[in-house]
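Participant: Pulled from TrEMBL, these are the listed features:
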type	residues	note
DOMAIN	B:62-264	domain 'ABC transmembrane type-1'
TRANSMEM	B:12-37	transmembrane segment
TRANSMEM	B:57-87	transmembrane segment
TRANSMEM	B:99-118	transmembrane segment
TRANSMEM	B:245-268	transmembrane segment
Amino acid sequence: MVKIKTVNLNLFYGSFKALSNINLDVKKNQITAFIGSSGCGKTSLLRCLNRMNDFIRGVKIEGEVLIDGKEIYKNVVDLTNLRRRIGMVFQRPNPFPLSIYDNVIYGPKVHGINHQENLMEITKKALSSVFLWRELKNKLNDSALDLSGEQQQRLCIARLLAVHAEVLLMDEPCSTLDPIATAKIEELIMELKKKYTIVIVSHNMQQAARVSDYTGFFLLGEMVEFGKTEKIFTAPKDKRTEDYITGKFG
Amino acid sequence: MNPKLSQIIAKICLGLAMLFTISILIFIIIYILFHGLPILTYQFLSSPIQEMGKKGGIFPSIVSTLYLVITSVVVATPLGVGTAVYITEYTKKNKITDIIQFGSDCLAGIPSIIYGLFGFTFFVIFLGMGWSILSGSLTLAIMMLPTIIRTSEQAIRSVPQSYRDVTYSLGGSKWQGIKNIVIPKALPGILTGVILSMGRALSETAALIFTAGMSIRTPTSIFSSGRSMAVHFYTLAREGLSLPMAYGTASVLIISILFINFISYILMNQYLKKYS
């Protein structure tokens, strides 16, 4: 089942064309990876999917993005609800300078949930889903900034789960983590796929190969090739994809 | 000249400049406290002004000063912080924000007596507030705005963009992000600006003579006229009423300003420790 679909999507920063004619299907409960060298447009595309590019000056977007079959640019869209459903994990873990508990309940509170018991229940559920509950249940009032980078990134994911996100957009979520922490986050991502649809941008080809079901290879704003991950990495159709994954450039 | 020698000369010149600056500051403080501290008694702080200041204490001036500083801070802080939030969060940097910025910087450089004249014509006469704590405080508030706007703006800009992005990515609105994360995080910086501008209000004379008047009675409300400590000092010294009383008043002023700056220094340090 297709969760997100883009049709002839173009994105311009001023006169610079950052994305060209992207046609993409993101399947539900699958992990889709975008790979390519920096500046190829993969993050720009990711930010199109929850309209985070709206805040950047001089951005122009053409074409369509459909979520559950509904276009999100042309129709009058409830942006609050859209962004709640399509959550985003950023490169650098960015918990708020608040307690662990306040970080998790920040989203629910923004959406008007104020009941203490409910909030505790939500916190427990969200932290359990990212396997943090057992280690942190007695430290909920400690500052989130004292956690390790990996725990912080998990907490950031929990923060999205607390508002019932359906899609998790991950923008190089492991780029600031060491290999052991990266492995743990990857394990979590694969676990989360059961319930959520995940799109991950990665600099690291091995990571894409390890975790994703589908991979798109991007080069200079174009999606050169898209398909099942094992196909892309074992039998790429395009010469440029092959050159990239075999390390000839990038 | 050989580099070693020029290095030594430069070091000496810079050191002298520093020494000169510091010694002037220390000289002023010691000189005033030396003459003023002997006057500083409980009696001096708690008695009414008698014989135009030749005798008695400065209690009415202390009360007037408190009234003025508190009222002006209460008026200027929401206005200044609001402006800063609007400029940083709701406008993109363009010609108009540059003009606002430029205008606010110019406001900071206008001599206070001109603010006084404005306050006099606008608040005292036009709005009919008369010589009162209120007229004085509103005038002071306008004078404080540029400092508060500048420092709040810097504090708000230093809050990482990612915090705002997270609020959006959770489906929060811009205002929710500002209210819940941006302002709390910028608060120490904003407070530092407010405290610095309090120093300016505390030491203001020219603008207040025009707007708050010179009454030596203890103000009973913000509609009473009152003379601040700085104005009282000015009168005592300028009209040769009593130099010892003038030094006593100056000491109270200097101690208050040192105290306020001390607090702002601590706040600034905490702020830097926490956010860098």
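In case you wondered, yes, glycine gets a Cβ from its N, Cα and C as well.
Automatic, uncurated: that is what TrEMBL annotation is.
Give me the structural setting of these features: burial, nearby parts and distances.
Facilitator: Long-range neighbours of the transmembrane segment (B:99-118) within the same chain, counting only residues 6 or more positions beyond its ends whose Cβ lies under 8 Å from a Cβ of the stretch, are 83, 87, 139, 142-143, 145-147, 149-150, 204-211.
Tertiary neighbourhood of the transmembrane segment (B:245-268): same-chain residues 29, 32-33, 35-37, 39-40, 44-45, 53-54, 58, 61-62, 188, 191-192, 195-196, 198-199, 202-203, 229-230, 232-233, 236-237, selected by CB-CB distance under 8 Å and a gap of 6+ residues from either end.
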Participant: Any residues 6+ beyond the ends of the transmembrane segment (B:57-87) with a Cβ under 8 Å from its own?
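Facilitator: Beyond its ends, the transmembrane segment (B:57-87) has Cβ neighbours at 43-49, 97, 100-101, 104, 133-134, 136-138, 140-142, 144-145, 147-149, 152-153, 156, 178, 182-183, 190, 193-194, 197-198, 201-202, 208, 212, 215-219, 222, 226-232, 245, 248-249, 252.
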